[in-house]
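Single-structure report; data block below.
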């Protein structure tokens with residue numbers, strides 16, 4: 001019988017089975033093809049799945065299985081050889097992929113099992129973490145109680161309230177039956193019952209500190225369980241039918257507390273402790289837990305800290321009250337001192353102004369006299385008057401200088417000057433006075449002393465005049481030697497002045513000046529007194545009633561301003577004295593020194609010596625000062641008009657006036673207000689006359705005020721002919737002049 005690729009006719013029941021297989025294969029194929037789509041969706045959405053390549057193989061396996069079932073649908077009817085080949089190929093591939101997938105699963109399953117092991121390990125760890133969290137919650141609860149207790153304890157800084165609050169809060173938090181505090185007595189040999197929880201007025205029981213149970217508690221900072229029958233724990237009524245609860249005791253350090261007495265508590269407690277006893281309720285099965293003992297230990301430390309804070313607060317409050325009293329007294333003294341200083345400064349300013357007016361007249365008239373034809377002797381006398389008057393004017397300003405020196409407002413006027421000429425000028429000023437007393441004065445300048453220096457020429461000359469003047473004053477006969485040289489670096493340091501630290505430099509040098517006299521001498525113990533105001537040694541006071549006045553006091557401050565120091569040496573009475581001072585001076589630039597060496601003296605410094613027809617208005621309430629100023633200006637060829645008040649000045653001033661000299665200290669409308677009104681009257685600068693203040697006040701505040709109100713210059717009294725000529729020349733050339 002020939003074989004054929006056909007299906008034999010089947011019974012109707014067999015045909016029904018074939019239909020069911022056909023339908024099943026179709027749905028199996030459909031399911032196989034849908035599963036890879038679901039796997040692809042899973043892989044795309046999953047970012048942590050570690051076996052994506054296994055899913056790819058598994059998807060291929062499912063697709064092939066589905067293809068096999070799908071191809072099998074064509075085998076239920078007559079089919080060709082091609083269908084059979086495709087069917088065979090699909091089954092072979094399915095078998096191959098199935099085997100590979102099975103081998104891969106052999107490698108993957110141990111990993112999956114290890115993951116399961118790790119999961120079990122993590123579960124165990126999570127359980128341990130839960131237990132630890134339970135402990136943490138317990139500790140947090142303990143901490144919360146500690147914070148609450150600490151807050152209650154520290155809510156007051158009264159020591160008695162702190163101790164009572166501690167017992168009450170511990171009793172409430174730990175549900176105690178009794179809590180007591182034993183304090184050391186003054187001798188420290190006994191503990192006295194001072195506070196209890198249930199008794200408002202505890203009986204002052206005492207127990208010796210040498211008991212073994214007390215030594216046991218004091219030897220550790222931990223809470224210690226003690227016997228309910230120990231002497232410090234017998235605080236409850238005796239009741240045989242009740243079982244006593246557990247008792248713990250803890251020491252409370254008593255820090256270094258002073259004036260802290262509670263029932264004979266010592267004033268100073270060092271290495272001593274109080275004892276805190278805590279009792280659980282009787283006839284209960286409750287035991288002390290570890291966290292409760294820790295809470296008791298922490299509270300004991302907090303009580304010690306709170307007690308120390310309370311003691312510190314009491315001490316600080318006492319110190320604060322004392323400090324407040326001192327501050328009130330100091331503030332009152334400060335206000336009184338400020339009032340006195342203001343009154344003194346106002347008085348000195350007025351006196352300086354009032355004394356400056358006659359000095360202005362003397363110097364102005366003398367300078368006018370100097371301009372006339374005089375014999376050599378007359379000219380010498382007039383020059384002496386001028387020099388002495390200028391010196392006197394400088395000394396008058398010393399009073400204000402001392403005031404500014406004391407409050408720190410005085411500043412040096414730094415400039416380049418002829419150092420050799422300064423010493424010679426001092427010598428010429430002192431010689432007439434010395435010749436009267438038949439004293440011989442010599443001047444010695446070292447060869448290495450620079451001819452020019454940078455510094456405050458006026459203050460240096462003032463210091464020299466004071467020192468040399470004192471030597472002349474306290475010498476009846478003999479000689480006085482004045483020497484000056486550059487101080488060497490090794491000789492600058494002086495043990496008498498430990499805070500003097502000279503710093504050598506190429507831009508400056510230290511000038512050392514020595515004035516030696518053969519006068520009455522000074523007791524060594526009196527030397528420090530010479531640099532105080534209006535003071536002198538007792539030995540000198542009996543011989544000379546003039547005193548040292550302000551001279552040496554001002555000299556010391558001037559020398560300090562010039563970064564130097566001054567001292568006096570004497571071997572005793574009748575052996576003369578030597579005054580020595582060292583000051584710091586700058587070295588001028590070579591160009592400046594060369595320029596200064598050719599600067600002519602006198603009126604030749606000014607480009608204009610005659611001011612014929614210059615219209616000047618002078619405002620001064622003092623008739624003498626007004627006349628003197630007018631005389632100076634008339635001598636220089638000016639057309640001068642004078643007024644005695646601010647109102648009169650504002651009435652007569654016109655555009656024809658080119659310069660207005662005004663005294664700023666005027667009754668009624670002062671010079672400042674006049675200057676402001678002149679600015680309001682003449683809005684254009686070229687129409688307004690130049691406004692110059694004439695004042696004897698040398699302070700900076702006056703000059704700043706003059707600048708604020710729009711003045712063009714400030715000239716300090718007294719004024720000579722040469723000075724007025726220089727002022728007018730400078731003013732007309734630069735239209736501004738503020739004299740230092």
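A Cβ is built for glycine as well, from the same backbone N, Cα and C atoms used for every other residue.
Checking the ranges 92-113, 114-135 against TrEMBL, the transmembrane segment annotation falls on 92-113. Put simply, 717 is the one of the recorded positions 65, 663, 717 whose Cα lies nearest to the Cα of residue 472 (ADP binding site). Taking CA atoms as the reference points, residue 65 (Cu cation binding site) and residue 473 (ADP binding site) are 136 Å apart. When Cβ atoms from all protein chains are considered, those within 10 Å of residue 517 (ADP binding site) total 25, not counting its own. Counting other C-beta atoms within 10 Å of each candidate's C-beta, the recorded positions 473, 717 are led by 717.
The highest number of surrounding Cβ atoms within 10 Å, among the binding-site residues 65, 471, 472, 552, is found at 471.
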